[in-house]
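Contents: one structure, followed by commentary.
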């Protein structure tokens, strides 16, 4: 309940900031730039405080996630099949986001006047690094100096190093592996304490950013937020529909049977915003109407809940692409490849993390990899409470669908 109230406080801070900023722009346009100039640093300081935790937190979480995945894959059988299915689902989700979301932006564009106003309102956003040509970019994805990659927030090289480090740690002695995982867990816990401290000021930080944006853009900021939410919900619906396709085509489940079996777990996920809370209902569905037996669902479904956030790659990449559109940044081929790869992998870093924290952990690395400004993300986190409902429904759907594939009897 505390987390829910915190999310609504952040949303309230954003709405209040937008309202005050829009009112100021309407009744005292001469004063609006001065107020925005004061509010901007306040929001920027809050965003930087949150950003300072991203690199160590993402690295530690990825190493832990890879360690768990590698250990599960080593068991062979249904667990190895499940890990392969999870990896393919996450990569496909990222590809759907990379292909479908730009089409949605073309089919349902933001009003040009609103887009221009918002672009002007975001003009103070921090400069971002340019993406190098593809040859230079390919050379850079393996970090010659991982410490420099971390210092430069070069997310794709850092993610690749974390994957290699995590896999390597799974091959050493049990004592050494345990020591590394304990260290990563301690780093994670410490960073999360800092994140919670920073998020305690989130209503103020988001209020300041919303005020500064609306003071420069007026009502265009509110229209842009509504447009963002609409496209966000559309991409989530499209990705969620893919879960049914997965169950029918590869899990060999009749559509009606799968839809009826998934409904109770989806309802629990929708009401609780927690895939974990829906786990017992998913196990009942897999053992009962889906006919997957007793043992395999009990193995695969907890792994799916722990390791696979199927809607995250498409949704998070879509969020960053929307920010790119607002900022007037057109991602090239290398930026799209980098964003897609990071989006597919970074969802491993969201295991057992509250949704508000997860939003930053999984979107900031994509934005950094693609050369997209970060400031608008702080506005969008305030409305994450709404699409997070559909995210959970989609994740529950994919947990069950992936289980039908991994646990299906082989002839």
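A Cβ is built for glycine as well, from the same backbone N, Cα and C atoms used for every other residue.
Predicted automatically and left uncurated, TrEMBL annotations should be read as such.
Looking at 11-34, 107-130, 227-250, the range annotated in TrEMBL as transmembrane segment turns out to be 227-250. The stretches the transmembrane segment (82-104) and the transmembrane segment (358-383) do not meet in space: the count of Cβ pairs below 8 angstroms, excluding pairs fewer than 6 apart in sequence, stays at fewer than three. Ranked by number of Cβ pairs under 8 Å to the transmembrane segment (154-174), the listed stretches 49-70, 194-215, 319-346, 358-383 are led by 49-70.
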